[in-house]
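K.L.:
Mind looking over this structure? Questions follow.
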Amino acid sequence: MKNIQGIAASSGIAIAKAYHLAAPDLTFEKVAIDNPNTEIERLDKALEISKQELEKIKAHTKKELGDEHAEIFSAHLLVLSDPELINPIKDKISSDNVMAEEALQEVADMFIDMFKNMDNEYMRERAADIQDVTKRVMAHLLGVTFPNPALIDEEVIVLANDLTPSDTAQLNRQFVKGFATDIGGRTSHSAIMARSLEIPAIVGTKEITTSVSQDQIVIVDGNEGIILIDPSDEELTTYRGKQEEFAKQKEEWAKLKEEPTFSGDGEQVELAANIGTPEDVEGVLNNGGEGVGLYRTEFLYMGKNELPTEDEQYDAYKSVLEQMGDKPVVVRTLDIGGDKELDYLDLPKELNPFLGFRAIRFCLENEYVFRPQLRALLRASVHGNLKIMFPMIATLEEFRQAKAILLDEKEALKNEGVKVSDHIEVGIMVEIPSTAVIAKQFAKEVDFFSIGTNDLIQYTMAADRMNTQVSYLYQPYHPAILNLVNNVIEAAHSENKWAGMCGEMAGDPIAIPILLGLGLDEFSMSATSVLPARTQIRGLSKKNLAANKDKMLAMGTAEEVVEFVKELTE
Ligand code: PEP
Ligand code: MG
């Protein structure tokens, strides 16, 4: 059997049966029916199976993610029992003498159209509920499998064309041993989540869903980015050996869990981790993280039907801060847009979502979304060592405006008698070249920088981070990127501020020596990369790397940089 090569997105090795998470084919041919009663019985049966499934999913979601996430399935169950939807379908079967599939589709489409066009946002959301539910019923009528990732109850490797962040959030780590997708890159958000869930993953295979069938045994080697289909006994033995080796390696790394991070020549840096939810903090502490360098708050807003309330957010931020004790926690304000969509906000579809109305641009225009988040953060600030960071800052005006709103809310809270910390650092992500270029001007006004290379690289090289066809241009070690990074670090230091990096580059073993030489203060990465990075940094001489930095910055290609750094560190 041939092997499939993809992009290694999350380390580790998994061996299990394939499970296709594909949208089912719900097309059907209209045929004449003999007996409407038989069709009504078929419909009732499909409704019943769908109800049983939804009850199970609801119970599971409640257990794993809490009441609030489970509510969406209560809404789906209500739709299934709603006589205003079900009776017209049955009437149509009897009066028009049509098959159950046809009646279901016509009536559902009619309701979906009607709700979609209503002014009321709540009603528009009902259209999505009806669509979801009727798809499930249709699948049962047609006898095709409807994938239920939350209900997987045996060990599998999930295969999909792409996984949305909310699909990824539904995966149960107990049974989902790994995943592989056709599209996506190392910095797509499903890949990032796989790393925080510590599930081996490979993305961008181009062909995994078409080359592997349901239940075939596959090996996902998330270290090398290779998938083996139907492995031989010999290959199984080899990979079980590799699994053991990897486990042993992890034990070695774990010995440095409580240690600070020093280079071989005694220079200290901070190794922090990126998180998406309060549940991820456990992984940060287990993996020796010295702080949270990026809390991506958008996951609080995703996988649900409405905006999170201020109190819900406060609870999440407080939980993270308390778990981290006095260790720093950098919380990034909402960065929606790009590959992270929020259906309930009904934002217009854009031609270039990564260059569009996202992150701080959206928040500054929608203060009803921005202000409650800032209030929640300010209220939570007394529970730990909070730093607030604004994403996608392109101009000084944006930073000033965002900071002014923050100070305004701080003032308001104080007037209400609410305690707020007076030691919150306020910084920005540097992920747009304009900001990297004038970092010196920014450094006078911000408390810190965190370089978001996932976006900075795509914007500098004009290469979409999700597009595998231009991924050859997505070059972290390109001298253009290194010069921008250097500029940001020098600017920060000239104003006695600190510069960190929270893009995936910060945990990349090839980039780490380069960044150490450029003087980066804080490296924030997937939790599982912290201990390997600490091990690596202990073997590097920061002074030697720094002494060679000008040579590196003057090089013409990424390849030359990589060669040079290899020679320096061997
Ligand atoms: C980045 O752009 O580097 C970053 C950390 O943000 P995100 O990956 O969430 O866009
Ligand atoms: Mg970004």
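Note: Cβ is positioned from N, Cα and C throughout, glycine not excepted.
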K.L.:
Quick one: which of Arg296, Arg371, Arg375 does TrEMBL put in the phosphoenolpyruvate site with Arg332, Asn454, Asp455, Arg465?
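P.N.:
Between Arg296, Arg371, Arg375, TrEMBL records just one in the phosphoenolpyruvate site with Arg332, Asn454, Asp455, Arg465, namely Arg296.
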K.L.:
Where does Arg296 (phosphoenolpyruvate binding site) sit in DSSP terms: helix, strand, or coil?
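P.N.:
It is in a strand.
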K.L.:
Should Asn454 (phosphoenolpyruvate binding site) be counted as helix, strand, or coil on the basis of DSSP?
P.N.:
helix
K.L.:
Counting across all protein chains shown, how many other Cβ atoms sit within 10 Å of the Cβ of Arg296 (phosphoenolpyruvate binding site)?
P.N.:
23
K.L.:
For a quick check of packing: other C-beta atoms within 10 Å of the C-beta of Asp455 (phosphoenolpyruvate binding site), how many?
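P.N.:
Within a 10 Å radius of the Cβ of Asp455 (phosphoenolpyruvate binding site) lie 24 other Cβ atoms.
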K.L.:
Taking only the residues in the domain 'Phosphotransferase system enzyme I N-terminal' (5-126), give me the average pLDDT of this model.
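P.N.:
Mean model confidence (pLDDT) across the domain 'Phosphotransferase system enzyme I N-terminal' (5-126) is 87.
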K.L.:
What subset of the binding-site residues Asn454, Asp455, Arg465 lies within 10 angstroms of Cys502 (active site, proton donor), using C-alpha positions?
P.N.:
Asn454
K.L.:
For ligand 2, list the recorded positions among His189, Glu431, Asp455, Cys502 whose CB atom is within a distance below 6 Å of it, in sequence order.
P.N.:
Glu431, Asp455
K.L.:
For His189 (active site, tele-phosphohistidine intermediate), what is the tally of other C-beta atoms lying within 10 angstroms of its C-beta?
P.N.:
22
